[in-house]
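Notes for the one structure printed next.
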C-alpha cells in the first residue's frame with residue numbers, strides 16, 4: 001500500500017496524528033513550518049526535528065505523489081503544468097499572472113462526469129477523485145517552481161476551476177481549503193480563493209453552512225432549463241429552479257457575492273433574449289451578483305461550438321449592464337498554449353494511445 005501525502009493533513013489532523021504517535025504538541029508547528037514556509041523537498045531537511053520523528057513521518061508519508069510531465073509557458077507568463085500521478089493518471093494545473101498577484105487554477109478530479117457538451121475536461125470520464133494532498137501538492141509544486149526560478153512572489157490567489165467538479169469531491173475539497181487558508185502556512189486569504197461548481201445544489205447548501213469565507217462561482221452558461229440541459233447534462237439533476245433556491249440559501253447565510261460564469265457560444269446562448277433572461281434570473285439579488293462572460297476556447301473535439309463574435313459579446317455585455325447587472329468579460333490567459341481546461345491532458349492521452 002502506497003504512503004499518503006503529508007499535504008493531505010490539515011494542521012489539526014497533523015497535530016492529532018503526531019500526538020497519537022507519541023510526539024509532543026509543538027511538533028506539529030515545527031513540521032507545518034517546514035512544509036509550507038520553508039517548502040522542503042525531503043523530510044531530512046528538518047534540522048530542528050529529532051530523527052525519530054523524521055523517521056516516523058518517512059515511514060508513513062511522502063512529499064511527492066506526482067511528477068511534472070509537460071510544462072507549457074505562454075508569452076503572457078501563464079504556465080500550464082501537466083502532472084503525472086503515482087497511478088499514471090494525468091492532471092492539469094495552471095499558473096496565471098495578474099496585476100493583483102499570482103493565481104493558480106487547480107484540478108480536483110481525474111476526468112469529469114458533469115457532461116458539459118462544449119468542454120474538453122469531460123471528453124474523458126472521471127476515473128477517481130484527487131485526495132486533498134494531491135490538490136494541495138499542485139499549489140506546492142507551482143510555488144516551488146517559482147522559488148527555483150528565483151521569483152520572490154508567492155501564490156496569492158487560488159481558483160478551483162480545473163478538471164472535475166469540486167463539490168463532487170467535497171470532503172477533500174474542504175480539507176484543501178482549510179490547509180491553504182491556514183495562517184500558519186501558505187496563508188492564502190479566503191477572499192482570494194474561489195470555488196467553481198456546475199451547480200450541485202445540495203452541496204451549495206452544505207457549503208453555505210461551513211464557516212469558511214471563500215468565494216463561490218457557479219458555471220451557469222444558460223438562463224433557462226431547455227438550453228442549459230442541452231449544453232450541461234447536470235441540469236437534469238439540478239434544474240435552474242432548484243439551483244437558484246440553493247443560491248438564495250447561500251446568500252442568506254453568507255451575504256457574499258456570487259459570480260456566475262457564462263461561456264459565450266456563437267449562436268447558441270449569446271443572443272439578446274438570453275441576456276434579458278439572465279438579468280431577470282438574478283435581478284432579485286443583483287447587488288450580490290457578478291456575471292463573468294467567458295469567450296469560448298475552441299476544442300477540436302467539439303466542432304459544433306465556436307466562440308461568439310466580438311460584437312455579440314459586447315452587445316450581450318451592454319444588455320446586462322443596461323439592466324443593472326454587474327458584469328465583465330474574461331479574456332483568456334495563455335491563448336498561445338493549450339490553456340482551455342482539459343485540452344493539454346486530452347492531447348497527451350490521445351498521443352500516448354497513438355504510440
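Glycine is no exception: its Cβ is also placed from the backbone N, Cα and C atoms.
Going by Swiss-Prot, these are the annotated features:
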ACT_SITE  92  active site, proton acceptor
ACT_SITE  341  active site, S-methylcysteine intermediate
BINDING   112, 116, 119  [4Fe-4S] cluster binding site
BINDING   164, 165, 196, 219, 220, 221, 297  S-adenosyl-L-methionine binding site
DISULFID  105-341  disulfide bond
DOMAIN    98-330  domain 'Radical SAM core'
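Between the CA atoms of residue 165 (S-adenosyl-L-methionine binding site) and residue 112 ([4Fe-4S] cluster binding site) there is a gap of 7 Å. A straight line from the CA of residue 164 (S-adenosyl-L-methionine binding site) to the CA of residue 112 ([4Fe-4S] cluster binding site) spans 4 Å. DSSP gives residue 105 (disulfide bond) a strand state. Across the structure, residue 297 (S-adenosyl-L-methionine binding site) and residue 119 ([4Fe-4S] cluster binding site) place their CA atoms 9 angstrom apart. Of all the recorded positions listed here (92, 105, 112, 116, 119), 116 has the Cα closest to the Cα of residue 220 (S-adenosyl-L-methionine binding site). Residue 116 ([4Fe-4S] cluster binding site) and residue 92 (active site, proton acceptor) have their C-alpha atoms 18 Å apart, to the nearest angstrom.
Rounded to the nearest whole angstrom, the C-alpha distance between residue 221 (S-adenosyl-L-methionine binding site) and residue 119 ([4Fe-4S] cluster binding site) is 12. Recorded residues residue 105 (disulfide bond) and residue 119 ([4Fe-4S] cluster binding site) have their alpha carbons 16 Å apart, per Cα-Cα distance. Straight-line distance linking the Cα atoms of residue 219 (S-adenosyl-L-methionine binding site) and residue 119 ([4Fe-4S] cluster binding site), rounded to a whole number, equals 12 Å. Its own atom aside, the Cβ of residue 221 (S-adenosyl-L-methionine binding site) has 25 Cβ atoms within 10 angstroms in the protein chains shown. Between the recorded positions 105, 116, the minimum number of other C-beta atoms within 10 Å of a residue's C-beta occurs at 116.
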